[in-house]
Structure formats: structure tokens, C-alpha cells
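> The feature domain 'Nodulin-like' is assigned by TrEMBL to 15-262. The domain 'NFD4 C-terminal' annotation in TrEMBL covers 356-493. Feature annotation from TrEMBL assigns transmembrane segment to 16-36, 107-127, 148-168, 174-198, 210-231, 243-267, 361-383, 395-416, 428-447, 453-475.
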Amino acid sequence: MGCLSERFSSFFNNRWLVFVAAMWIQSCAGIGYLFGSISPTIKTSLNYNQRQVARLGVAKDLGDSVGFLAASFSEILPLWGAVLVGAIQNFVGYGWVWLVVTGKVPVLPLWAMCILIFVGTNGETYFNTAALVSCVQNFPKSRGPVVGILKGFAGLSGAILTQIYALVHSPDHASLLFMVAVGPTMVAIGLMFIIRPVGGHKQLRSSDGFSFSIIYSICLLLAAYLMAVMLVEDLVDLSQTVITIFTLILFVIVLIPITIPVSLSFFREPRSSVEEALLPDQQKQETDKSEEGQDIIFSEIEDEKPKEVDLLPASERQKRIAQLQAKLAQAAAEGAVRIKKRRPHRGEDFTLTEALIKADFWLIFFSLLLGSGSGLTVIDNLGQMSQSLGYDNNIIFVSMISIWNFLGRIGGGYFSEKIVSDYVYPRPAAMAGAQVIMAIGHFFFAMGWPGAMYVGTLLVGLGYGAHWAIVPAAASELFGLKKFGALYNFLTLANPAEQRQFTLTCTVDRGGKLRNVEGDEVYGS
């Protein structure tokens, strides 16, 4: 019995369990990607024009990207508290929108609807912050794959929720809004106590490679399965029984990753103490503080040591520096001197204020600003774009771009890690490749050729998704993990800032004529 209780304790404190729970939360945390499906319902029910829908889209993008509150709550509250706040925001925001659309409460002015969309979508930032902070701290040596997989499941959530909506098979399209309000809230509350940094060994283990291979295989299987199901549902009129079976298989695939922490905890011999963390948490904190003090003293030595010390032989120079360090430490303890704190270097822990004065940080920000905004614009307007090109089923394109977005994030995390570890190139080099892919996708959209919607959706989804796997990993490598939540949420501000510069008002139909999103011809080309 004692051995079994130890196994259960090992299971609940297994970092792979946290990772799997974070994947499940992320699989319903990207509800902003469903805006292309729910915006036509809002537009029709409330008699909005496209300009008003675009303002709702901007509110959604701001809610999805303004995560300062999420970063602050994640530092003062336990992570489960941050997840709970996000769940409440999601339920209240989208729940109230559903009540307005269905006529159960009075219609609100546009500015109030924008606030509700902002509040509901802003709940995502709490889910994202809690999942990324906990898992990056649990897997510091595998941050590229971890970030890519977690952000990938967030990008895939649109396709997953769409398939669940197909199971409901409600003629009332507003029921999708109800599902968006209730579904992610239930999942987040059910898993919020699992999402946390766990103690123990956090370096690479021999089993990690195999475990990540399983996760990647499941990701590819999930994407291929959803793509096949969507194509079949689009081409064939399926019975409700077949759709139910498809949805149950989807649930099974999503649940498969739980076998990893189960097998590691119950079907393998316990790890020896040598493989566990070298220091307990309290001792580790004391060591960190000691190392910080040493850094401060060494920075002061650089200012205080005589210039001739550098000319001495190595052994004598080290001896003189050690003597000076001892004197400074004694003087600092007695209050005789004031030690200046050394500024962190690349790879060390930065606060947000310290990062904001670094050129590297702003290069990442503006690269994201110029690279991802146009992709987000396509995602927001995909429903109207497909309608203007003569496609009746716009949900298929929303689901497809969700899948390509997912594969872009998975691939971005994987290949950027390969570029860093195998070829020793900086991770932002992968971002440049992602932006080239997106540019080609936008070219296809602009041409309006037959089938261009499919090709453009593929390329833009891959390129846009890769950004969100590469940027968080690059930021954590350059500026550390201690304030990762604040750094990540600041970088996400680049998304709505750029998207606001793009407002899709027209597209090219199959006959080569330019039409607005209402379908009216603008002029012949």
C-alpha cells in the first residue's frame, strides 16, 4: 500500500502530467480563432455591418493579446488562481454575448459588445500564461518543443470545438457561442490545480526523447484525423451517428498523451536519488541568492581593481582579485560600501524593465509586429473572404487554418530547436523563414485564383503558427525564465497593434472582379 501511495504521489507530481493537462487546457484556449465562425452569427442577429464586425474583431485581438493582468496575477497568485480568473472572464464575456445574440437580454450598444468580447477573449491570456510558465519551468532544456506543442494545441482548438459543435448539430448557430462560453470554462476549472511548477529533476532524461516523439506523433495524427474528418463532412452528407463516432475518436486521440505520465509513474522503477534534483527548493533559493551576491561583488571588483592587476600572471591575478573580493564582501556586510547590482547579460533573468532597454527585445517585438498582424487579419476575416469567393461553407476554412496553424506551431518549435542545437543558428532565423511562407500565402489570396483559398489558408496558417512557437522560446533564451510571463505577454501586444493596420474590405472573386465582403462588385478588373 505504501508503494502504491508513493506511485500516486509520483504521478500527481510528474512534470509530464502538468504538460498533458496544459495541452488539454490549451486545446480549448484558442477560442479567438473561432471568431471567423461566430462573427457571421453576431452580424446577422444584431444587424451589424462589416465595419462594426471589424471593431469587434479588434476588441477580440486586444483581449487575446493584452496580458499584463494575466502576468501580474501569475506572480502574486498561485497559477491555479490565474486559471480560475481566466475561466470566469471567459464565461462572463462570451456567456453575455450569447444572451444578447439569442435575445434573452436587451441588445447592448457596440462599445459594450466590444467590452464583452474583450473580457471573454482575455481569459485566454490567463490560460496561456499559466500553461507556458509552468511547463517552461518544468522543461527548461526543451523549451522549443514545449512552447511549440502548447501553442499548437491553442491553435488547434478552433478545429476541435468546431467538431464538437458538429456533434451538437443544433440548427441555432448561436449555440456555438454558448459552447465557447461553457466548454473552456469547465475544462479550465477541472484542471487548474494540476497546472503548476513541480519540484524534482528538470534536466533532460533518457526517456524525454521518446516521450516527445510520442507527443509529436499524436499531434500529427490529430491534425491528419481532423483534416480527413472535415473533408469528409464537407463532401458527404453524414448521419448523426457517424459524426458522433468521429467525435468520440477525436476525444480518444486527445486523451492518449495521459499514458506518458501513467507509464512513467506506475510501470517503471523509481528514479534513484542521483537523478533527482541536486538541491531541495529552499537550499536552491539560498544558493541562487548567494550566486546573485557573488555577481554583484564581481561587478564591483571590475570598478575597484587597479589596472595593473590585469598585467599580472594568471595565478597572481586570481589571488589579488580574491583578496579584493573578500575586502568588498566584509565592507558590504558592515555597510561601509554600497554594492551596485550588475545588469543581467543575455541568457540571464531579466525583469520587463531591464528587457525594455535592450535592442534584442525590440527587434523581436517589431519582427512579430510586422510578421503576424496580416496573418491574424486573414484568420479574423476568413469567413467573409470565403463567402465573397462563392464558398457556402465558411467553417471548413476556419477549421483548416486552425489545423495549419497547429502544424506551424508544432513545426516551428521542432525545427527552431534543431536549428539552435544542431546547426548553431539563432532561433530568429526560423522566424524569417516563417515570414517568407506567409508572404507567399498572401500572394495567393490576392490573386483569387481557383483553389487559392485552400493554398493561401495552408501557407498563412503554417507561417503564422510558427511565429508563436519561435518567439516565446527565443525570448526565454535571451531574457530568462524568472519573469517569462511578463515578457511573453508584452510581446503579444504586437499582434493587435499590427492587425489594426489591416482591415480587409474587399477581395477578388473567381471571375476576377473585386468585391466587398457584402458581395457587391467594386469594379471590374
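In case you wondered, yes, glycine gets a Cβ from its N, Cα and C as well.
TrEMBL entries are annotated by machine, without manual review.
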> Would you say the transmembrane segment (453-475) and the transmembrane segment (16-36) are touching, if the rule is that at least three C-beta pairs must lie under 8 angstroms and be 6 or more residues apart?
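No, the stretches stay apart by this measure.
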> Between the transmembrane segment (148-168) and the transmembrane segment (395-416), are there three or more CB pairs that fall under 8 A, provided the residues in each pair are separated by 6 or more in sequence?
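Between the transmembrane segment (395-416) and the transmembrane segment (148-168), contact is present.
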> For a three-state summary based on DSSP, what are the helix, strand and coil counts in the domain 'NFD4 C-terminal' (356-493)?
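The composition, in the requested order, is 113 helix, 0 strand, 25 coil.
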> If you average pLDDT over the domain 'Nodulin-like' (15-262), what do you get?
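Mean per-residue confidence for the domain 'Nodulin-like' (15-262): 86 out of 100.
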> State the residues, same chain only, that lie 6 or more residues beyond the ends of the transmembrane segment (243-267) and have a CB under 8 A from a CB inside it; answer 'none' if no residue qualifies.
7-8, 10-11, 14, 16-17, 20, 23-24, 27, 160, 163-164, 166-167, 169, 207, 211, 214-215, 218, 221-222, 225-226, 229, 233
> Sort out the residues at least 6 away from either end of the transmembrane segment (428-447), same chain, that have Cβ-Cβ distances under 8 Å to it, and list them.
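That would be 363-364, 367, 370-371, 374-375, 378, 385, 408, 412, 415-416, 419, 453, 455-464, 466-467, 470-471, 474, 507-508.
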> Of the listed stretches (107-127, 148-168, 361-383, 453-475), which one yields the highest count of Cβ-Cβ distances below 8 Å with the transmembrane segment (174-198)?
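The stretch with the most contacts is 148-168.
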